[in-house]
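**Q** Quick one: the structure is below, and I'll ask about it shortly.
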């Protein structure tokens, strides 16, 4: 549905009040908004790689870029820094993020590659930005903090560390926002490659984007089993969210960075955004950051 190619399209968020899909292109340092009504893509450039975007209750967005949390005012394009983190790790940046059921923004970090396929291990962490703009560190020694979401009863937090090739489930205290007691939920099969972004549907099942696996997979958290696979027309599938007027459509982001010239020539859809219909299941609306 979006032909404008992203180097590293990520973190799609359906914004009901704008009837639009908001997402980031991490490596182009842009926050983007696509309107299905006009088919127009608008974007705001920022001064660092931007890993994630989420909706703010009062309008505009909260973003995680470089190693800082910030607010983005869409109309003025102003970026206001909230807090700098990890200043001792110049090679780190924020990656995926999402707002919890109580309006807190969870986002994690990762080390950038220093050469193709080479990165310092266990340099990342997972943080929570509270509505009072205080921050706590939830996890340490993460490789690539990635997809995240909460169970429908708000008692479980799901998180992906991509280089573990797995989805983990944590107990979650909705009152304090704290996570604890990680358990392995699902380990990806070889052909599924590496897990990236993730979202939950209205039946409480998880959808995981498989980067380099060219698919999204549906996992049942009750059984830890994969129950569905949807293949997409390009390999570097990065994230997914439900949207549209009744949340029955799934939007899927992809990337072309990481493909060599020969592969790129064979992958005309790399970096585009796709819409999957007819899944027979709906998603749930996004939470708003409560500040």
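Each Cβ is built from the backbone N, Cα and C atoms, and glycine gets one as well.
Since we're looking at a predicted model, the values are computed, not measured.
From TrEMBL, here are the annotated features:
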- 196: active site, proton donor/acceptor (ACT_SITE)
- 10, 146, 196: divalent metal cation binding site (BINDING)
- 93, 95, 113: substrate binding site (BINDING)
- 8-255: domain 'SMP-30/Gluconolactonase/LRE-like region' (DOMAIN)
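Each of the listed features needs to be described in terms of its position in the shown structure.
**A** For residue 196 (active site, proton donor/acceptor), the number of other Cβ atoms no farther than 10 Å from its own Cβ, over all displayed protein chains, is 28.
The local packing around residue 10 (divalent metal cation binding site), expressed as other Cβ atoms within 10 Å of its Cβ over all shown chains, amounts to 26.
Within the same chain, residues at least six positions away from residue 93 (substrate binding site) with a Cβ under 8 Å of its Cβ are 48, 49, 51, 65, 66, 67, 109, 110, 112.
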**Q** Other than 10, 146, 196, which residues of the chain come within 8 Å of the divalent metal cation site, judged by Cβ distance to the Cβ centroid of those residues?
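**A** So the additional residues around the site are 11, 95, 96, 144, 147, 160, 162, 197, 209, 211, 238, 239.
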**Q** Which one of the binding-site residues (113, 146) has its C-beta surrounded by the most other C-beta atoms within 10 angstroms?
**A** 146
**Q** Give the distance between the Cα atoms of residue 196 (active site, proton donor/acceptor) and residue 146 (divalent metal cation binding site), rounded to the nearest whole Å.
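**A** Per the Cα atoms, residue 196 (active site, proton donor/acceptor) and residue 146 (divalent metal cation binding site) stand 6 Å apart.
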**Q** Write out, in the order they occur in the sequence, the residues of the chain not among 93, 95, 113 that have a C-beta within 8 Å of the mean position of the C-beta atoms of the recorded substrate site.
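**A** Filtered neighbour residues, in order: 26, 49, 51, 92, 109, 110, 111, 112, 119, 144.
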